[in-house]
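Engineer: Have a look at this one.
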Amino acid sequence: MHIDILTVLPELLASPLEHSIMKRAQDKGLLTVAVHHLRNWAVNEYGQVDDYQYGGGAGMVMLCEPLAKAIEALSANKKFDEIIYVTPDGRTLNQRMANTLSLKGNLLIICGHYKGIDERIREKYVTLEISIGDYVLSGGELAAAVLVDSIGRLLPGVLNDETSALTDSFQDNLLAPPVYTRPVDFEGMKVPDILMSGNHTKIEEWRYEQALQRTRDRRPDLLEE
Ligand code: ADE
């Protein structure tokens, strides 16, 4: 999978994608991410990419022209499966969307800043608008990093133990069951006996029950879906 990201703050995106599982995905060649500075397509020598909004009001709006030029340039030699704009008024990201997107080949993610991007770019180019939650970030970069991480770890071969993505929270609309490691007794709190029984059928049943109970207690909305 290849992901292009358009941003005015490429520095913000470097670190989250250079470590751990995202690093492994890229080292293995399963994921390539190219971060592009929108200023490369600025409208003048000052690097301008935003301007005051029509109708007045505080906050700048990202100009059509640099975005259009950038999108056209990046589309020249590839067809994007989705052109995604990360924005608080998009559809809220969930595991199902991450699963669907992990099956695509080429994605472009546009990070907004200030008051956002000119509406006409959304109309003309954007095919999917995604929010990572009901709160407002200073810009789209952290949302883009969250999105890329949620997709990248699902690519086949990225995780060492293929089953570990399958037992993540949300994978079956269930939260993950509790997990334990050494010691068996931590300040009088014991690891449940069943986990040391060696009976894998019983352990799986227990984990399923725990996942179900945890979901009922904390996120009953997931069970209604
Ligand atoms: N940009 C600013 N806030 C955001 C959010 N919650 N989700 C996606 N992009 C954003």
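Heads up, residue numbers simply count up from 1 along the chain you see.
Quick reminder: no glycine exception, Cβ is built from N, Cα and C everywhere.
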Engineer: Looking at S-adenosyl-L-methionine binding as recorded in TrEMBL, which candidate out of Gly112, Gly152, Gly157 goes with Ile132, Gly133, Asp134, Tyr135, Val136, Leu137?
Structural biologist: Gly112
Engineer: I need the most crowded of these binding-site residues: Gly112, Gly133. Count other C-beta atoms within 10 angstroms of each C-beta and give me the top one.
Structural biologist: Gly112
Engineer: Under DSSP, is Leu137 (S-adenosyl-L-methionine binding site) part of a helix or a strand, or is it coil?
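Structural biologist: In three-state terms, Leu137 (S-adenosyl-L-methionine binding site) counts as coil.
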Engineer: Comparing the binding-site residues Val136, Leu137, which residue's C-beta has the most other C-beta atoms within 10 angstroms in this structure?
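Structural biologist: Of Val136, Leu137, the one with the most crowded Cβ is Leu137.
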Engineer: According to DSSP, collapsed to three classes, what secondary structure does Ile132 (S-adenosyl-L-methionine binding site) have?
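Structural biologist: Going by the DSSP assignment, Ile132 (S-adenosyl-L-methionine binding site) belongs to neither helix nor strand, so it counts as coil.
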